[in-house]
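**Q** For reference, the structure I am asking about is given below.
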């Protein structure tokens, strides 16, 4: 390492002792920064100077007038008026022939011709058959490669301005007519019109409020239904897991149905038995009771015994009717037949009581009175009537119902057998349907609630307008009424012509075009500076210098001579970076990191160019120039790399200038994450192949390089 530092110090002292060498060194240090500054300044704000680009304009528009709009419309004149007030380009107004002649001669870069039917074509928007309004745009692409693109952008902006002007013109006319109508409403006319409008606004407000209430009611109903559907879904899901318990219940139900069928059959049998017994009992009861009541003397005792026996028969018959009543009540609770049976049972009990009372009277008095005979006969008639009503009610109402019920129970028994197999599938499908219904109803509830809110807001707005207009009418302030009824047509037309605006937000903003271009031109100048150094200085120490070193090796001379190259490259980087910041005014966010990035870029670029030249001589210089050309097109310095050819997109990640520009961009506009560190590390990674080539692989290629030099010398030209 001693020889390395000694060679470096000798080179530095040699530059200071020789005035010519010092001048050349100063030139080597200053020329690259000057190149970067001039190119950056030249592109500092190119689009701010478009006012010097001459564009010819010819307006042939004849205008448009129809019976619908009581005025003549000439959009071409409106366009010309706008262009006269526009200083973005040097607009020159002339006829069509002169405009095209100046374009061909190169006196202007572009020409715009507005055709004769321009306004008429625009107004076809009001007819059934619309026609596009064309503007003829001509460019002279021979004069300059960029100017046609710039003027094309201006033509596009003009097209947008025409669209906006047309919309504004039509809107102004239409709204102006509306405003004129309101201006005609003066005095009593405007007052009556305003009163009618107040009433109409009141009706609209009430309708909106009513609609809002209905929407909110339906929203609440949808919410309740959604909750019910959700609960049903949960129940049905749980039902699917309990089907194992349903089978025993169905078995019990089938048993109950069988028992019910048997009970109905028993009830029918009991009813037939009761009515048969009653009929048989009453066949001879009337005669027996009458004979017993007429007995006197010793025969009265036999009559009393007969009446007691009849009373016992009546008690037995009442017990039968009690059983029949209970059976019918079980099958048809609360039915009319049950009431009739209860009445018949009560009549039998009353008749039995009267018969016993008559029997006692016969036993005691040895004969029945006329009053007792009449009472017993009345009870007997009442009992017969009640039994007949019960029998009739049973026959007309319950008998057929019991028969139908028996059939129904039989069918229910068959149906219950099929029910078990259907529960699982039905429960699952119903659960899914209920869940889906719950979700849909929830969405419906939200939509209805939102609609109700909007309706209420509209109703409030209408009510506010109604109140303001009503107050103005009450105060007699007709000017305020006109202000409420009318509006400024120009303001509304401006809004209709441009209802939206683009709000731009710059992320990592660059102050101007020069600042945005400085990373590219700074990187380019440092590579050019490295090329200047290998062209104007010797990369190999001569014999006189080597003689002052102690047994120097090729690697020592490689590293020692590179020291002075890097020193000049570092000076280039510091000067160009500080000049960008303080002389040109590049807005640098991280100044010290900006200087550090410049030093790293200079180190890597100098190492690449120096190593190529030391290893391959003039061939290495040619390789360095080719690499420069490739990086001009493939590093994405001017246009995004995605717009370049596929080859340059492929080599883009392998170009050192790519990461040099990335480092400068981060320090100028702002650093994101570890992007700056990664760019610098990728740059420093290029030192590895440089050292491998310069210290290891250079020796095997020396012979090949000498062979190339020998052949070039033989030409006596190169």
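Every residue gets a Cβ built from N, Cα and C, even glycine.
Positions annotated as domain 'ABC-2 type transporter transmembrane' by TrEMBL: 29-165, 425-695. Annotation source TrEMBL lists coiled coil at 341-372. As annotated by TrEMBL, transmembrane segment applies to 520-537, 558-585, 591-610, 622-645, 651-673, 680-697.
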**Q** Using Cβ distances below 8 Å and needing 3 or more such pairs, separated by at least 6 in sequence, tell me whether the transmembrane segment (558-585) contacts the transmembrane segment (651-673).
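**A** When sequence-distant Cβ pairs are counted, the transmembrane segment (651-673) does not touch the transmembrane segment (558-585), since fewer than 3 lie under 8 Å.
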**Q** Residue list, the transmembrane segment (651-673) vs rest of chain: Cβ under 8 Å, 6 or more residues beyond ends.
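**A** Answer is 508-510, 515, 518-520, 522-524, 526-527, 586-591, 593-594, 597-598, 600-601, 604-605, 608, 630-631, 634-637, 641, 644, 679-680, 682-683, 686.
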**Q** Across the coiled coil (341-372), what does the pLDDT come to on average, as a whole number?
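**A** Averaging the confidence scores along the coiled coil (341-372) gives 68.
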